[in-house]
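Q: Straight from TrEMBL, here's the annotation block:
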DOMAIN    9-115  domain 'HPt'
MOD_RES   His56  phosphohistidine
DOMAIN    140-251  domain 'Response regulatory'
MOD_RES   Asp190  4-aspartylphosphate
DOMAIN    260-376  domain 'Response regulatory'
MOD_RES   Asp309  4-aspartylphosphate
DOMAIN    416-548  domain 'GGDEF'
Amino acid sequence: MSQIDREAIERELARLKQAYRQTLDDELNALSTQARALVPEALDRVALASLRDRLHRLSGSGGTFGLPQLSDAARRLETRVKAWLEADTQTVVPMETLTEFAAAIDAMADITAEQPASSSAAMRSQAARSPEAATGQRRSVWILSPDPVLREDLGNALQQFDYRVKRLDSPADADADADADNLPDALIVDAELDGFGDESRWLARFSGVLVVLTGTMNFETCLSAAWMGADAVLQHPVDASELASRIDAMLRERGDQAYRVLIVDDDLALAEHYRLVLAAAGMRAEVLSEPTEIVERVAGFRPELILLDVDLSGYAGPDLATIIRYYDEWVGLPIVYLSAETDHARQIEALSRGADDFLVKPISDAQLVAVVSVRAYRFRQLAELMYLDSLTGLYKHGPIKDALNAELTRARRKRDSLSVAMIDIDHFKRVNDTYGHAQGDRVIRALAHLLKQRLRQSDRIGRYGGEEFLVIMPASRADEARLAIDDVRRRFAALQFHHDSQVFTCTLSAGVADIAGDDAPQAMLVAADAALYAAKAAGRDRVVLAGEVPDAHEEGS
Ligand SMILES: Nc1nc2c(ncn2[C@@H]2O[C@H](COP(=O)(O)OP(=O)(O)OP(=O)(O)O)[C@@H](O)[C@H]2O)c(=O)[nH]1
(Lines of atoms letter the chains of each structure in order from A and count residues from 1; the text may use other names and numbers.)
(Lines give C-alpha, C1' and ligand atoms only; values in the text may rest on other atoms or scores of the structure.)
Protein backbone atom coordinates (compact mmCIF):
# COMPACT_ATOMS: atom_id res chain seq x y z
CA MET A 1 0.00 0.00 0.00
CA SER A 2 1.40 3.37 -0.80
CA GLN A 3 2.44 5.59 2.05
CA ILE A 4 1.16 9.07 2.86
CA ASP A 5 3.32 11.61 1.07
CA ARG A 6 4.15 13.71 4.12
CA GLU A 7 6.60 15.92 2.32
CA ALA A 8 3.99 16.83 -0.28
CA ILE A 9 1.50 17.60 2.49
CA GLU A 10 3.99 19.79 4.32
CA ARG A 11 4.84 21.61 1.07
CA GLU A 12 1.13 22.18 0.50
CA LEU A 13 0.69 23.50 4.06
CA ALA A 14 3.57 25.93 3.53
CA ARG A 15 2.04 27.04 0.23
CA LEU A 16 -1.31 27.67 1.93
CA LYS A 17 0.38 29.72 4.62
CA GLN A 18 2.13 31.81 2.01
CA ALA A 19 -1.09 32.30 0.06
CA TYR A 20 -2.79 33.40 3.28
CA ARG A 21 -0.08 35.98 3.95
CA GLN A 22 -0.49 37.31 0.43
CA THR A 23 -4.24 37.88 0.81
CA LEU A 24 -3.82 39.29 4.32
CA ASP A 25 -2.65 42.73 3.18
CA ASP A 26 -5.74 43.16 1.01
CA GLU A 27 -7.96 42.02 3.85
CA LEU A 28 -6.38 44.44 6.34
CA ASN A 29 -6.68 47.28 3.83
CA ALA A 30 -10.35 46.51 3.32
CA LEU A 31 -10.90 46.43 7.08
CA SER A 32 -9.10 49.74 7.48
CA THR A 33 -11.23 51.39 4.78
CA GLN A 34 -14.41 50.11 6.42
CA ALA A 35 -13.30 51.29 9.87
CA ARG A 36 -12.40 54.75 8.61
CA ALA A 37 -15.77 55.08 6.90
CA LEU A 38 -17.62 54.84 10.26
CA VAL A 39 -19.14 58.12 11.46
CA PRO A 40 -20.37 58.73 15.05
CA GLU A 41 -23.83 60.16 14.32
CA ALA A 42 -25.02 57.43 12.01
CA LEU A 43 -23.29 54.14 12.76
CA ASP A 44 -24.00 51.99 9.74
CA ARG A 45 -25.21 48.66 11.15
CA VAL A 46 -24.65 46.80 7.88
CA ALA A 47 -21.06 48.01 7.77
CA LEU A 48 -20.64 47.09 11.45
CA ALA A 49 -21.94 43.56 10.84
CA SER A 50 -19.57 43.14 7.92
CA LEU A 51 -16.66 44.40 10.07
CA ARG A 52 -17.63 41.96 12.82
CA ASP A 53 -17.70 39.00 10.39
CA ARG A 54 -14.33 39.90 8.85
CA LEU A 55 -12.72 40.31 12.26
CA HIS A 56 -14.26 37.02 13.37
CA ARG A 57 -12.73 35.20 10.39
CA LEU A 58 -9.37 36.82 11.03
CA SER A 59 -9.40 35.81 14.69
CA GLY A 60 -10.04 32.22 13.61
CA SER A 61 -7.47 31.99 10.85
CA GLY A 62 -4.52 34.14 12.03
CA GLY A 63 -3.26 31.70 14.64
CA THR A 64 -3.59 28.74 12.31
CA PHE A 65 -1.34 30.41 9.78
CA GLY A 66 1.33 31.34 12.31
CA LEU A 67 0.04 34.73 13.51
CA PRO A 68 -1.45 34.20 16.98
CA GLN A 69 -1.11 37.86 17.95
CA LEU A 70 -3.13 38.84 14.94
CA SER A 71 -5.84 36.43 16.14
CA ASP A 72 -5.86 38.02 19.59
CA ALA A 73 -6.01 41.56 18.23
CA ALA A 74 -8.83 40.67 15.83
CA ARG A 75 -10.78 38.98 18.61
CA ARG A 76 -10.53 42.08 20.87
CA LEU A 77 -11.71 44.33 18.04
CA GLU A 78 -14.51 41.94 17.17
CA THR A 79 -15.76 42.15 20.78
CA ARG A 80 -15.91 45.94 20.52
CA VAL A 81 -17.87 45.86 17.27
CA LYS A 82 -20.27 43.30 18.74
CA ALA A 83 -20.90 45.61 21.71
CA TRP A 84 -21.75 48.49 19.36
CA LEU A 85 -24.06 46.26 17.39
CA GLU A 86 -25.84 45.04 20.50
CA ALA A 87 -26.21 48.57 21.96
CA ASP A 88 -29.19 50.83 21.46
CA THR A 89 -29.38 52.17 17.90
CA GLN A 90 -29.34 55.71 19.32
CA THR A 91 -25.99 55.20 21.05
CA VAL A 92 -23.40 57.60 19.72
CA VAL A 93 -19.82 56.37 19.68
CA PRO A 94 -17.48 59.34 20.08
CA MET A 95 -15.26 60.23 17.14
CA GLU A 96 -12.09 59.73 19.20
CA THR A 97 -13.17 56.17 19.94
CA LEU A 98 -13.73 55.46 16.25
CA THR A 99 -10.37 57.00 15.34
CA GLU A 100 -8.65 54.92 17.97
CA PHE A 101 -10.52 51.83 16.72
CA ALA A 102 -9.38 52.48 13.13
CA ALA A 103 -5.81 52.94 14.37
CA ALA A 104 -6.04 49.59 16.17
CA ILE A 105 -7.15 48.00 12.91
CA ASP A 106 -4.18 49.55 11.11
CA ALA A 107 -1.89 48.33 13.86
CA MET A 108 -2.76 44.75 12.95
CA ALA A 109 -0.71 45.21 9.79
CA ASP A 110 2.37 45.61 11.97
CA ILE A 111 1.88 42.21 13.52
CA THR A 112 4.18 39.95 11.67
CA ALA A 113 5.58 38.03 14.57
CA GLU A 114 5.47 34.41 13.66
CA GLN A 115 5.05 31.43 15.91
CA PRO A 116 7.55 28.65 15.55
CA ALA A 117 6.53 26.41 12.65
CA SER A 118 3.47 24.42 13.59
CA SER A 119 3.80 21.05 15.15
CA SER A 120 4.51 18.81 12.22
CA ALA A 121 6.44 16.50 14.53
CA ALA A 122 3.33 16.01 16.60
CA MET A 123 1.42 15.30 13.43
CA ARG A 124 3.97 12.71 12.45
CA SER A 125 3.83 11.00 15.80
CA GLN A 126 0.14 10.31 15.40
CA ALA A 127 -0.75 6.87 14.15
CA ALA A 128 -0.05 6.98 10.43
CA ARG A 129 -2.97 5.36 8.72
CA SER A 130 -3.09 5.17 5.00
CA PRO A 131 -5.84 7.39 3.56
CA GLU A 132 -6.10 5.79 0.15
CA ALA A 133 -7.53 2.70 1.75
CA ALA A 134 -11.23 3.10 1.42
CA THR A 135 -11.04 4.06 -2.21
CA GLY A 136 -12.36 0.68 -3.23
CA GLN A 137 -9.36 -0.11 -5.45
CA ARG A 138 -8.88 -3.74 -6.42
CA ARG A 139 -6.38 -5.47 -4.24
CA SER A 140 -3.57 -7.50 -5.73
CA VAL A 141 -2.28 -10.84 -4.59
CA TRP A 142 0.59 -13.07 -5.71
CA ILE A 143 0.34 -16.80 -5.24
CA LEU A 144 3.72 -18.53 -5.11
CA SER A 145 3.51 -22.28 -5.35
CA PRO A 146 5.14 -25.10 -7.30
CA ASP A 147 1.72 -26.82 -7.40
CA PRO A 148 -0.16 -25.81 -10.60
CA VAL A 149 -3.52 -27.00 -9.21
CA LEU A 150 -3.19 -24.90 -6.07
CA ARG A 151 -2.14 -21.85 -8.11
CA GLU A 152 -5.06 -22.30 -10.47
CA ASP A 153 -7.82 -23.09 -7.95
CA LEU A 154 -6.87 -20.57 -5.32
CA GLY A 155 -6.26 -17.92 -7.97
CA ASN A 156 -9.67 -18.46 -9.54
CA ALA A 157 -11.38 -18.36 -6.18
CA LEU A 158 -9.63 -15.15 -5.11
CA GLN A 159 -10.64 -13.57 -8.41
CA GLN A 160 -14.23 -14.17 -7.37
CA PHE A 161 -13.46 -11.81 -4.49
CA ASP A 162 -12.19 -9.24 -6.93
CA TYR A 163 -8.49 -9.67 -6.27
CA ARG A 164 -6.04 -9.14 -9.10
CA VAL A 165 -4.13 -12.41 -9.06
CA LYS A 166 -0.66 -13.23 -10.28
CA ARG A 167 0.46 -16.88 -10.19
CA LEU A 168 4.17 -17.60 -9.82
CA ASP A 169 5.86 -20.96 -9.59
CA SER A 170 9.41 -20.16 -8.45
CA PRO A 171 11.26 -17.66 -6.27
CA ALA A 172 13.19 -16.56 -9.37
CA ASP A 173 9.94 -15.54 -11.10
CA ALA A 174 8.91 -13.61 -8.03
CA ASP A 175 12.30 -11.85 -7.91
CA ALA A 176 11.96 -10.83 -11.56
CA ASP A 177 8.41 -9.57 -11.05
CA ALA A 178 9.32 -7.74 -7.86
CA ASP A 179 11.91 -5.77 -9.81
CA ALA A 180 9.59 -5.06 -12.71
CA ASP A 181 6.23 -4.61 -11.03
CA ASN A 182 4.61 -3.00 -8.02
CA LEU A 183 4.62 -5.29 -5.03
CA PRO A 184 1.21 -6.78 -4.26
CA ASP A 185 -1.07 -6.09 -1.30
CA ALA A 186 -0.84 -9.73 -0.27
CA LEU A 187 1.53 -12.59 -0.87
CA ILE A 188 0.54 -16.21 -0.44
CA VAL A 189 3.50 -18.56 -0.26
CA ASP A 190 3.32 -22.32 -0.36
CA ALA A 191 5.60 -23.77 2.34
CA GLU A 192 6.66 -26.39 -0.22
CA LEU A 193 8.38 -23.70 -2.29
CA ASP A 194 12.14 -24.20 -2.10
CA GLY A 195 14.51 -21.30 -1.63
CA PHE A 196 11.95 -18.61 -0.96
CA GLY A 197 12.86 -15.99 1.60
CA ASP A 198 16.63 -16.58 1.53
CA GLU A 199 17.51 -14.68 -1.60
CA SER A 200 14.41 -12.59 -2.11
CA ARG A 201 15.71 -9.21 -1.01
CA TRP A 202 12.57 -7.44 -2.15
CA LEU A 203 10.78 -9.03 0.80
CA ALA A 204 12.39 -6.35 2.97
CA ARG A 205 10.43 -3.65 1.16
CA PHE A 206 7.22 -5.67 1.01
CA SER A 207 4.75 -4.10 3.41
CA GLY A 208 1.65 -6.11 2.53
CA VAL A 209 0.20 -9.21 4.11
CA LEU A 210 2.26 -12.40 3.95
CA VAL A 211 0.43 -15.71 4.34
CA VAL A 212 2.14 -19.09 4.36
CA LEU A 213 0.15 -22.14 3.27
CA THR A 214 1.21 -25.49 4.59
CA GLY A 215 -0.02 -29.05 4.30
CA THR A 216 1.08 -29.81 7.84
CA MET A 217 0.92 -27.33 10.62
CA ASN A 218 3.91 -28.03 12.88
CA PHE A 219 6.54 -26.20 14.87
CA GLU A 220 9.12 -26.22 12.05
CA THR A 221 6.79 -24.70 9.43
CA CYS A 222 5.60 -22.05 11.88
CA LEU A 223 9.18 -21.21 12.82
CA SER A 224 10.27 -20.73 9.20
CA ALA A 225 7.13 -18.67 8.60
CA ALA A 226 8.02 -16.50 11.60
CA TRP A 227 11.58 -15.99 10.25
CA MET A 228 10.06 -14.92 6.98
CA GLY A 229 7.88 -12.39 8.85
CA ALA A 230 4.61 -14.09 7.87
CA ASP A 231 1.38 -12.63 9.21
CA ALA A 232 -0.45 -15.96 9.19
CA VAL A 233 0.13 -19.65 8.60
CA LEU A 234 -2.87 -21.54 7.21
CA GLN A 235 -3.35 -25.19 6.60
CA HIS A 236 -4.09 -26.23 3.04
CA PRO A 237 -6.71 -26.89 1.60
CA VAL A 238 -7.99 -23.51 2.64
CA ASP A 239 -11.35 -21.87 1.95
CA ALA A 240 -10.72 -19.02 -0.47
CA SER A 241 -13.45 -17.00 1.26
CA GLU A 242 -11.77 -17.49 4.64
CA LEU A 243 -8.44 -16.55 3.14
CA ALA A 244 -9.87 -13.44 1.47
CA SER A 245 -11.57 -12.43 4.74
CA ARG A 246 -8.34 -12.90 6.68
CA ILE A 247 -6.31 -10.91 4.17
CA ASP A 248 -8.89 -8.12 4.12
CA ALA A 249 -9.01 -7.97 7.91
CA MET A 250 -5.22 -7.83 8.13
CA LEU A 251 -4.98 -5.12 5.48
CA ARG A 252 -7.62 -3.15 7.35
CA GLU A 253 -5.79 -3.50 10.66
CA ARG A 254 -2.68 -2.35 8.88
CA GLY A 255 -4.32 0.94 8.51
CA ASP A 256 -6.32 0.98 5.38
CA GLN A 257 -9.30 2.29 7.26
CA ALA A 258 -8.49 5.91 7.81
CA TYR A 259 -10.92 7.90 9.93
CA ARG A 260 -13.28 9.95 7.78
CA VAL A 261 -13.73 13.56 8.88
CA LEU A 262 -16.01 16.15 7.32
CA ILE A 263 -14.92 19.77 7.75
CA VAL A 264 -17.74 22.27 7.35
CA ASP A 265 -16.27 25.75 7.08
CA ASP A 266 -16.75 28.59 4.65
CA ASP A 267 -13.22 29.87 5.16
CA LEU A 268 -11.73 27.72 2.42
CA ALA A 269 -8.07 28.42 3.16
CA LEU A 270 -8.55 27.47 6.79
CA ALA A 271 -10.60 24.40 5.93
CA GLU A 272 -7.91 23.27 3.50
CA HIS A 273 -5.30 23.71 6.22
CA TYR A 274 -7.28 21.46 8.59
CA ARG A 275 -7.78 18.95 5.82
CA LEU A 276 -4.06 18.72 5.16
CA VAL A 277 -3.20 18.48 8.86
CA LEU A 278 -5.64 15.59 9.27
CA ALA A 279 -4.37 13.94 6.07
CA ALA A 280 -0.82 14.10 7.42
CA ALA A 281 -2.06 12.23 10.48
CA GLY A 282 -3.46 9.55 8.17
CA MET A 283 -7.12 10.58 8.15
CA ARG A 284 -9.39 11.15 5.18
CA ALA A 285 -10.88 14.60 5.45
CA GLU A 286 -13.24 16.34 3.07
CA VAL A 287 -14.28 19.97 3.05
CA LEU A 288 -17.86 21.14 2.68
CA SER A 289 -18.31 24.85 2.11
CA GLU A 290 -21.94 24.75 0.97
CA PRO A 291 -24.05 24.06 4.10
CA THR A 292 -27.20 23.23 2.14
CA GLU A 293 -25.48 20.06 0.89
CA ILE A 294 -24.76 18.72 4.36
CA VAL A 295 -27.28 15.86 4.37
CA GLU A 296 -26.18 14.51 0.98
CA ARG A 297 -22.52 14.81 1.89
CA VAL A 298 -22.88 13.06 5.25
CA ALA A 299 -24.85 10.27 3.54
CA GLY A 300 -22.29 9.86 0.76
CA PHE A 301 -19.03 10.27 2.68
CA ARG A 302 -20.23 8.75 5.98
CA PRO A 303 -17.90 10.74 8.21
CA GLU A 304 -16.95 9.47 11.64
CA LEU A 305 -16.68 13.02 12.93
CA ILE A 306 -17.85 16.43 11.74
CA LEU A 307 -15.85 19.57 12.41
CA LEU A 308 -18.39 22.34 12.21
CA ASP A 309 -17.86 26.07 12.07
CA VAL A 310 -20.37 27.99 14.21
CA ASP A 311 -20.78 31.02 11.97
CA LEU A 312 -21.11 30.05 8.35
CA SER A 313 -22.12 32.62 5.81
CA GLY A 314 -25.88 32.69 5.95
CA TYR A 315 -26.22 29.66 8.25
CA ALA A 316 -25.63 28.84 11.89
CA GLY A 317 -23.59 25.75 12.74
CA PRO A 318 -26.02 24.73 15.54
CA ASP A 319 -28.86 24.62 12.97
CA LEU A 320 -26.83 22.23 10.86
CA ALA A 321 -26.09 20.08 13.93
CA THR A 322 -29.81 19.97 14.67
CA ILE A 323 -30.57 18.89 11.10
CA ILE A 324 -28.05 16.04 11.33
CA ARG A 325 -29.61 14.84 14.58
CA TYR A 326 -33.02 14.57 12.89
CA TYR A 327 -31.68 11.42 11.20
CA ASP A 328 -31.75 8.45 13.58
CA GLU A 329 -28.69 6.84 12.04
CA TRP A 330 -26.54 9.93 12.75
CA VAL A 331 -27.64 10.51 16.32
CA GLY A 332 -24.32 9.25 17.69
CA LEU A 333 -22.08 10.91 15.10
CA PRO A 334 -19.59 13.19 16.91
CA ILE A 335 -19.93 16.85 16.00
CA VAL A 336 -17.19 19.18 17.17
CA TYR A 337 -17.52 22.92 16.76
CA LEU A 338 -14.47 24.72 15.62
CA SER A 339 -15.03 28.40 16.04
CA ALA A 340 -13.44 31.68 16.98
CA GLU A 341 -16.34 32.23 19.39
CA THR A 342 -14.93 32.84 22.89
CA ASP A 343 -18.13 33.81 24.64
CA HIS A 344 -18.89 30.94 27.04
CA ALA A 345 -22.63 31.51 27.06
CA ARG A 346 -22.71 31.22 23.26
CA GLN A 347 -20.48 28.16 23.33
CA ILE A 348 -22.80 26.46 25.80
CA GLU A 349 -25.82 27.44 23.75
CA ALA A 350 -24.23 25.98 20.63
CA LEU A 351 -23.26 22.80 22.51
CA SER A 352 -26.81 22.35 23.74
CA ARG A 353 -27.87 21.99 20.12
CA GLY A 354 -26.54 18.52 19.47
CA ALA A 355 -22.74 18.86 19.42
CA ASP A 356 -20.13 17.11 21.53
CA ASP A 357 -17.27 19.52 21.95
CA PHE A 358 -16.20 23.07 21.31
CA LEU A 359 -12.73 23.92 20.08
CA VAL A 360 -11.73 27.56 19.94
CA LYS A 361 -9.79 28.74 16.90
CA PRO A 362 -6.92 29.07 16.52
CA ILE A 363 -6.15 25.54 17.56
CA SER A 364 -2.75 23.87 17.30
CA ASP A 365 -2.36 21.16 14.69
CA ALA A 366 -1.43 18.61 17.36
CA GLN A 367 -4.53 19.42 19.42
CA LEU A 368 -6.77 19.18 16.39
CA VAL A 369 -5.37 15.77 15.47
CA ALA A 370 -5.61 14.53 19.06
CA VAL A 371 -9.23 15.59 19.60
CA VAL A 372 -10.38 14.30 16.23
CA SER A 373 -8.64 10.92 16.41
CA VAL A 374 -9.74 10.16 19.98
CA ARG A 375 -13.38 10.97 19.22
CA ALA A 376 -13.41 9.21 15.85
CA TYR A 377 -11.83 6.13 17.43
CA ARG A 378 -14.48 6.01 20.16
CA PHE A 379 -17.24 6.52 17.64
CA ARG A 380 -15.94 3.66 15.49
CA GLN A 381 -15.72 1.32 18.48
CA LEU A 382 -19.21 2.22 19.60
CA ALA A 383 -20.70 2.09 16.13
CA GLU A 384 -19.25 -1.37 15.61
CA LEU A 385 -20.82 -2.60 18.81
CA MET A 386 -24.15 -0.93 18.26
CA TYR A 387 -24.71 -1.32 14.56
CA LEU A 388 -22.62 -4.18 13.25
CA ASP A 389 -23.23 -7.88 13.38
CA SER A 390 -20.25 -9.61 14.98
CA LEU A 391 -20.20 -12.64 12.64
CA THR A 392 -20.21 -10.72 9.36
CA GLY A 393 -19.36 -7.10 10.12
CA LEU A 394 -22.57 -6.12 8.27
CA TYR A 395 -25.34 -3.92 9.66
CA LYS A 396 -27.62 -5.62 12.16
CA HIS A 397 -31.37 -5.94 11.54
CA GLY A 398 -32.45 -2.65 13.18
CA PRO A 399 -29.74 -0.41 11.67
CA ILE A 400 -30.26 -1.74 8.13
CA LYS A 401 -33.97 -0.92 8.44
CA ASP A 402 -33.09 2.58 9.71
CA ALA A 403 -30.74 2.93 6.76
CA LEU A 404 -33.57 2.01 4.39
CA ASN A 405 -35.78 4.76 5.83
CA ALA A 406 -33.00 7.31 5.45
CA GLU A 407 -32.07 6.22 1.92
CA LEU A 408 -35.72 6.33 0.87
CA THR A 409 -36.14 9.86 2.19
CA ARG A 410 -33.08 10.94 0.22
CA ALA A 411 -34.14 9.11 -2.93
CA ARG A 412 -37.56 10.79 -2.83
CA ARG A 413 -36.06 14.21 -2.33
CA LYS A 414 -33.59 13.74 -5.15
CA ARG A 415 -36.18 11.94 -7.28
CA ASP A 416 -33.68 9.16 -7.66
CA SER A 417 -34.17 5.43 -8.02
CA LEU A 418 -33.50 2.97 -5.19
CA SER A 419 -33.65 -0.82 -5.00
CA VAL A 420 -33.64 -3.35 -2.24
CA ALA A 421 -32.62 -7.00 -2.48
CA MET A 422 -33.53 -9.73 -0.04
CA ILE A 423 -31.04 -12.59 -0.24
CA ASP A 424 -31.24 -16.03 1.37
CA ILE A 425 -28.82 -18.96 1.27
CA ASP A 426 -30.50 -22.05 -0.17
CA HIS A 427 -31.04 -25.13 1.98
CA PHE A 428 -28.86 -23.67 4.65
CA LYS A 429 -30.25 -26.02 7.25
CA ARG A 430 -28.65 -28.90 5.32
CA VAL A 431 -25.24 -27.20 5.50
CA ASN A 432 -25.51 -26.95 9.26
CA ASP A 433 -26.85 -30.49 9.58
CA THR A 434 -24.23 -32.04 7.30
CA TYR A 435 -21.08 -30.05 8.07
CA GLY A 436 -21.82 -28.47 11.44
CA HIS A 437 -22.74 -25.03 12.67
CA ALA A 438 -19.17 -23.69 12.51
CA GLN A 439 -18.98 -24.54 8.82
CA GLY A 440 -22.40 -22.89 8.36
CA ASP A 441 -20.99 -19.73 9.94
CA ARG A 442 -18.12 -19.82 7.45
CA VAL A 443 -20.60 -19.94 4.56
CA ILE A 444 -22.48 -16.94 5.98
CA ARG A 445 -19.21 -15.02 6.35
CA ALA A 446 -18.19 -15.91 2.81
CA LEU A 447 -21.40 -14.49 1.37
CA ALA A 448 -21.09 -11.35 3.52
CA HIS A 449 -17.57 -10.90 2.26
CA LEU A 450 -18.57 -11.39 -1.36
CA LEU A 451 -21.35 -8.81 -1.00
CA LYS A 452 -18.94 -6.29 0.49
CA GLN A 453 -16.44 -6.92 -2.27
CA ARG A 454 -18.78 -6.88 -5.22
CA LEU A 455 -21.28 -4.15 -4.40
CA ARG A 456 -20.75 -0.40 -4.51
CA GLN A 457 -19.46 1.54 -1.53
CA SER A 458 -22.70 3.47 -1.43
CA ASP A 459 -24.74 0.25 -1.17
CA ARG A 460 -25.78 -0.76 2.34
CA ILE A 461 -25.64 -4.38 3.35
CA GLY A 462 -27.27 -5.87 6.42
CA ARG A 463 -27.68 -9.28 7.97
CA TYR A 464 -31.45 -9.30 8.17
CA GLY A 465 -31.83 -12.67 9.85
CA GLY A 466 -29.80 -15.87 10.32
CA GLU A 467 -28.89 -16.61 6.68
CA GLU A 468 -30.88 -13.78 5.17
CA PHE A 469 -29.38 -10.50 3.95
CA LEU A 470 -30.88 -7.16 2.99
CA VAL A 471 -29.09 -4.94 0.49
CA ILE A 472 -30.08 -1.32 -0.17
CA MET A 473 -28.86 0.00 -3.49
CA PRO A 474 -29.22 3.77 -3.94
CA ALA A 475 -29.44 5.20 -7.45
CA SER A 476 -30.19 1.75 -8.92
CA ARG A 477 -33.26 0.61 -10.79
CA ALA A 478 -34.44 -2.94 -10.16
CA ASP A 479 -32.97 -4.25 -13.44
CA GLU A 480 -29.55 -2.78 -12.56
CA ALA A 481 -29.77 -4.14 -9.03
CA ARG A 482 -30.67 -7.56 -10.39
CA LEU A 483 -27.52 -7.62 -12.55
CA ALA A 484 -25.30 -6.83 -9.56
CA ILE A 485 -26.97 -9.37 -7.27
CA ASP A 486 -26.91 -11.98 -10.01
CA ASP A 487 -23.16 -11.49 -10.33
CA VAL A 488 -22.85 -12.18 -6.58
CA ARG A 489 -25.09 -15.23 -7.02
CA ARG A 490 -22.83 -16.69 -9.72
CA ARG A 491 -19.67 -16.05 -7.75
CA PHE A 492 -21.16 -17.50 -4.57
CA ALA A 493 -22.18 -20.66 -6.41
CA ALA A 494 -18.61 -21.01 -7.70
CA LEU A 495 -17.06 -20.93 -4.19
CA GLN A 496 -15.79 -24.22 -2.88
CA PHE A 497 -15.98 -24.90 0.83
CA HIS A 498 -13.75 -27.52 2.38
CA HIS A 499 -14.82 -29.70 5.26
CA ASP A 500 -12.41 -32.43 6.34
CA SER A 501 -11.71 -34.09 3.02
CA GLN A 502 -15.02 -33.06 1.45
CA VAL A 503 -15.69 -30.14 -0.83
CA PHE A 504 -19.14 -28.60 -1.11
CA THR A 505 -20.80 -25.58 -2.71
CA CYS A 506 -23.86 -23.48 -1.88
CA THR A 507 -26.31 -21.33 -3.80
CA LEU A 508 -28.50 -18.36 -2.96
CA SER A 509 -31.86 -16.99 -4.00
CA ALA A 510 -32.81 -13.31 -4.07
CA GLY A 511 -35.78 -11.03 -4.60
CA VAL A 512 -35.37 -7.45 -5.84
CA ALA A 513 -37.84 -4.56 -5.63
CA ASP A 514 -37.41 -0.90 -6.47
CA ILE A 515 -39.00 2.39 -5.54
CA ALA A 516 -41.14 2.35 -8.68
CA GLY A 517 -43.43 -0.24 -7.11
CA ASP A 518 -44.27 1.34 -3.79
CA ASP A 519 -41.90 3.63 -1.98
CA ALA A 520 -43.03 2.89 1.57
CA PRO A 521 -40.16 1.01 3.25
CA GLN A 522 -42.34 -1.80 4.52
CA ALA A 523 -44.00 -2.24 1.11
CA MET A 524 -40.59 -2.49 -0.58
CA LEU A 525 -39.47 -5.13 1.91
CA VAL A 526 -42.67 -7.11 1.44
CA ALA A 527 -42.28 -6.94 -2.37
CA ALA A 528 -38.63 -8.07 -2.22
CA ASP A 529 -39.55 -10.85 0.19
CA ALA A 530 -42.34 -12.05 -2.08
CA ALA A 531 -39.91 -12.09 -5.03
CA LEU A 532 -37.45 -14.09 -2.89
CA TYR A 533 -40.21 -16.53 -2.08
CA ALA A 534 -40.98 -16.83 -5.81
CA ALA A 535 -37.28 -17.50 -6.51
CA LYS A 536 -37.25 -20.28 -3.91
CA ALA A 537 -40.49 -21.76 -5.25
CA ALA A 538 -39.19 -21.70 -8.83
CA GLY A 539 -36.19 -23.87 -7.96
CA ARG A 540 -33.75 -21.56 -6.04
CA ASP A 541 -30.32 -20.30 -7.23
CA ARG A 542 -31.83 -17.30 -9.00
CA VAL A 543 -32.69 -13.60 -8.66
CA VAL A 544 -36.31 -12.60 -9.24
CA LEU A 545 -37.75 -9.10 -9.67
CA ALA A 546 -40.86 -8.08 -7.72
CA GLY A 547 -43.97 -8.82 -9.77
CA GLU A 548 -42.11 -11.18 -12.09
CA VAL A 549 -43.25 -14.78 -12.51
CA PRO A 550 -40.09 -16.86 -12.92
CA ASP A 551 -39.91 -20.03 -15.00
CA ALA A 552 -39.70 -22.96 -12.69
CA HIS A 553 -36.87 -25.42 -13.22
CA GLU A 554 -35.35 -28.35 -11.44
CA GLU A 555 -32.95 -27.40 -8.70
CA GLY A 556 -29.33 -27.69 -9.71
CA SER A 557 -30.19 -27.66 -13.42
N1 LIG B 1 -24.51 -21.72 11.16
C2 LIG B 1 -25.49 -20.86 11.37
N3 LIG B 1 -26.78 -21.22 11.08
C4 LIG B 1 -27.76 -20.34 11.27
C5 LIG B 1 -27.50 -19.06 11.76
N6 LIG B 1 -28.66 -18.39 11.82
C7 LIG B 1 -29.65 -19.24 11.38
N8 LIG B 1 -29.10 -20.43 11.03
C9 LIG B 1 -29.77 -21.62 10.53
O10 LIG B 1 -30.24 -21.37 9.22
C11 LIG B 1 -31.24 -22.34 8.91
C12 LIG B 1 -32.32 -21.69 8.10
O13 LIG B 1 -33.08 -22.68 7.56
P14 LIG B 1 -34.49 -22.47 6.88
O15 LIG B 1 -34.94 -21.04 7.04
O16 LIG B 1 -35.41 -23.53 7.35
O17 LIG B 1 -34.29 -22.66 5.38
P18 LIG B 1 -33.15 -23.26 4.46
O19 LIG B 1 -32.65 -24.53 5.00
O20 LIG B 1 -32.13 -22.17 4.28
O21 LIG B 1 -33.89 -23.52 3.14
P22 LIG B 1 -34.51 -22.57 2.06
O23 LIG B 1 -34.42 -21.16 2.57
O24 LIG B 1 -35.89 -23.01 1.90
O25 LIG B 1 -33.70 -22.74 0.83
C26 LIG B 1 -31.72 -22.86 10.27
O27 LIG B 1 -31.29 -24.20 10.40
C28 LIG B 1 -31.01 -22.00 11.30
O29 LIG B 1 -30.66 -22.70 12.46
C30 LIG B 1 -26.14 -18.71 12.07
O31 LIG B 1 -25.81 -17.60 12.52
N32 LIG B 1 -25.19 -19.64 11.86
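Placement of Cβ uses the backbone N, Cα and C atoms for every residue, glycine included.
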Q: By the DSSP assignment reduced to helix, strand and coil, which category contains His56 (phosphohistidine)?
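A: Where His56 (phosphohistidine) sits, the three-state DSSP reduction gives helix.
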Q: Taking each of the modified residues Asp190, Asp309 in turn and counting other Cβ atoms within 10 Å of its Cβ, which one has the fewest?
A: Asp190
Q: Please work out the mean pLDDT for the residues of the domain 'Response regulatory' (260-376).
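A: That region's mean pLDDT is 88.
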Q: Going by DSSP, is Asp309 (4-aspartylphosphate) part of a helix, a strand, or coil?
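A: In the DSSP reduction, Asp309 (4-aspartylphosphate) maps to coil.
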Q: Distance between His56 (phosphohistidine) and Asp309 (4-aspartylphosphate) at the Cα atoms, whole Å?
A: 12
Q: Would you mind pulling the DSSP three-state label for Asp190 (4-aspartylphosphate)?
A: strand
Q: Just give the helix, strand and coil counts over the domain 'Response regulatory' (140-251), going by DSSP.
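A: Across the domain 'Response regulatory' (140-251), the residues distribute as 50 helix, 25 strand, 37 coil.
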Q: State the count of C-beta atoms found within 10 angstroms of the C-beta of His56 (phosphohistidine), not counting that atom itself.
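A: A 10 Å sphere around the Cβ of His56 (phosphohistidine) contains 23 other Cβ atoms.
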Q: Quick check for the class: what is the C-alpha distance, in angstrom and rounded, between Asp190 (4-aspartylphosphate) and Asp309 (4-aspartylphosphate)?
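A: Just about 54 Å between their Cα atoms.
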Q: Under the DSSP assignment, what numbers of helix, strand and coil residues are found in the domain 'GGDEF' (416-548)?
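A: For the domain 'GGDEF' (416-548), the helix, strand and coil counts are 60 helix, 35 strand, 38 coil.
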Q: Based on DSSP, tally up the residues of the domain 'Response regulatory' (260-376) by helix, strand and coil.
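A: Secondary-structure breakdown of the domain 'Response regulatory' (260-376): 56 helix, 27 strand, 34 coil.
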